[in-house]
C-alpha cells in the first residue's frame, strides 16, 4: 500500500483490538514478520512500493505494546505468493500482489516517548505490562549507552530530568556498566531517591545511516544512505538537496558548500525527500532505479586546534569529539614517548600552519580526560577524526605539544606620508620629500627584528632594524626616482630555541612631483612654446619683407637699364 493508505490503516488500528496486527516468527512477540488479521485469517503484510519507513514501523511497535522500533526489513519470499493479498485502509479495500514481506524488530521493554524523533524522548520501561517513566535520579552515561544501543540508535548525546506531572514512575535506580544488551538486564538498586514527577529525557544520536564516498574526504563525495542494512546512492529530483545541512551535521562536518546532481549509469538508489526537516532516518523514501545521483560537499569541521600559546600554530594538541574539546594523547604513549614527525606534520598541514618544527610530550603530573589517537594513522588518513580511538573514559597526565613553521602572523607594511591611497599595492610619494616605510606585526612574542628588502630593476638593498613595541620605522630623506621599486617587510624572531620569519605583502613605491610643481612646469612649457611660436613668426615675417624689398629693387634696376 502507499504510505498515505498505511497511515490511515494504522490510525484505524488504534481504535480496534491490538490483535489485528502482530509480529510472528521472531525471538519474541516484539519481533518478526508483520501480519494483519482479516476476519478469522492472518495474512502477511507485504510492501509493493517500498512505502514502509521507521516511523510507520514504530506505530506498529506501540500498537502491540512493545517498545520503540529497532529495525525494519523488507524480505523477499523464497516462493512468490500465488494468492492475492488484500489490505484494508479505513475507507476502502486495496488489493495488490507482492512477494516482499515486512519484518519489524521492536524493543521488548524500553522506549523513548516522542512523536517526532525515534531516538529522543522520555524514557519509559515496561514492567508487568505497564509502561512507566524512569526517574532521573541516579541515571548516568552508562545507563544511557545501554538504552541507545538497545534501541538501535547512536551514542547518547544528552539527557536531563524533566517534570511530566502525574504518571506511573519507575523508581528503581539502574546500575548499568555500559556493556549490557538491555536496560532491564542491568543491576539495580532498591533505594528510592526520586523526586516526584522528575523523569529522564534522553537523546541518542541517529545511527550511522549516511555517508559521503569517493570524494576528497569524509565531508565530500557521493551521498549514500543505509536502509534495511544496504548502502545505496541517493537521487533527489530537485537536485538541490535542501536538507543538506542535516547530512553535514550528521557527519559532524561543517556547513554545506555545494550540491550536485551527477548523471551516471542506471543504478539502484534510495529516494530522498528534498524538503525533509525530520530526522535523517525518516527522510529517505522508496527504492528507485535512477541514472543520476547526488554529490555533496560540506566544509571541513573545526575539530583540531593547538592551544596554550600566543600562536594558533603552536601549543597543546586538542580535538573536539561529540562537542567536547579534550587534549590528545597517543594510545601507545607508554611506548612512543616521542610523537612521529609524520603525525605532527599532518596536524600542521591540517591547520594550514606550514611544516612541523618540533614536537614534544610533556608530563603535567595531574590526570585529566583525554582523547586517545593512533599517531601512525595520521600519515595516511584523509581526516584526523579517522584516527580517534573511541573511549569516553580515557584519562592521562601527558600533554602533546606541537610547533609548526608558520608560527608568526603576517606582518604589515605601510608608507607615511603617501601622496595617494594605496591602489593595488602601489604607493606614491612626493618627489624631494621625506618618507618612511613602516613595518609592524600583531603582538605575539617580545623582541625580534624587521628586515626591509628593496628591489628595483637594477639593484637590491636590505635594511635591518630591531622592533620597538612590534614596530620598525625606516626613514628616507628626499625621495628621488632611484627610490622607485618594490619594498617588503620580513619579521625575524628567535623563540622556543628556533628561528622563525614571516613576510609581508609587497608594495611598489612611485616618487612623483607635487601638483603645484606640475602646474608650474606646465605653465613654463606653455610660455616657452608661445615664445618660440612668436619668435618664429617674427623672423618669418621679417624675412618675407626683406625678400620683397630685394625683389622690388631688382625690378627698378631692370627698368632703368
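Here the Cβ of each residue, glycine as well, is placed from N, Cα and C on the backbone.
The disulfide bond feature in TrEMBL is assigned to 176-186, 377-387. Residues or ranges marked as domain 'SRCR' in TrEMBL: 21-71, 110-205, 210-309, 304-405. Annotated signal peptide per TrEMBL: 1-18, in sequence order. According to TrEMBL, the feature transmembrane segment maps to 518-540.
Of all the disulfide-bonded residues listed here (176, 186, 377, 387), it is 377 whose C-beta has the fewest other C-beta atoms within 10 angstroms.
Reported as a whole number, the C-alpha separation between residue 186 (disulfide bond) and residue 377 (disulfide bond) equals 36 Å.
According to its DSSP assignment, residue 377 (disulfide bond) is helical. DSSP places the residues of the domain 'SRCR' (304-405) in helix, strand and coil in these numbers: 19 helix, 48 strand, 35 coil.
Under DSSP, the residues of the domain 'SRCR' (21-71) split into helix, strand and coil as follows: 10 helix, 21 strand, 20 coil.
Cα of residue 176 (disulfide bond) to Cα of residue 387 (disulfide bond): a distance of 28 Å. The DSSP breakdown of the domain 'SRCR' (110-205) into helical (H, G, I), extended (E, B) and coil residues amounts to 13 helix, 41 strand, 42 coil. Within the model, the domain 'SRCR' (304-405) shows a mean pLDDT value of 79, rounded to a whole number.
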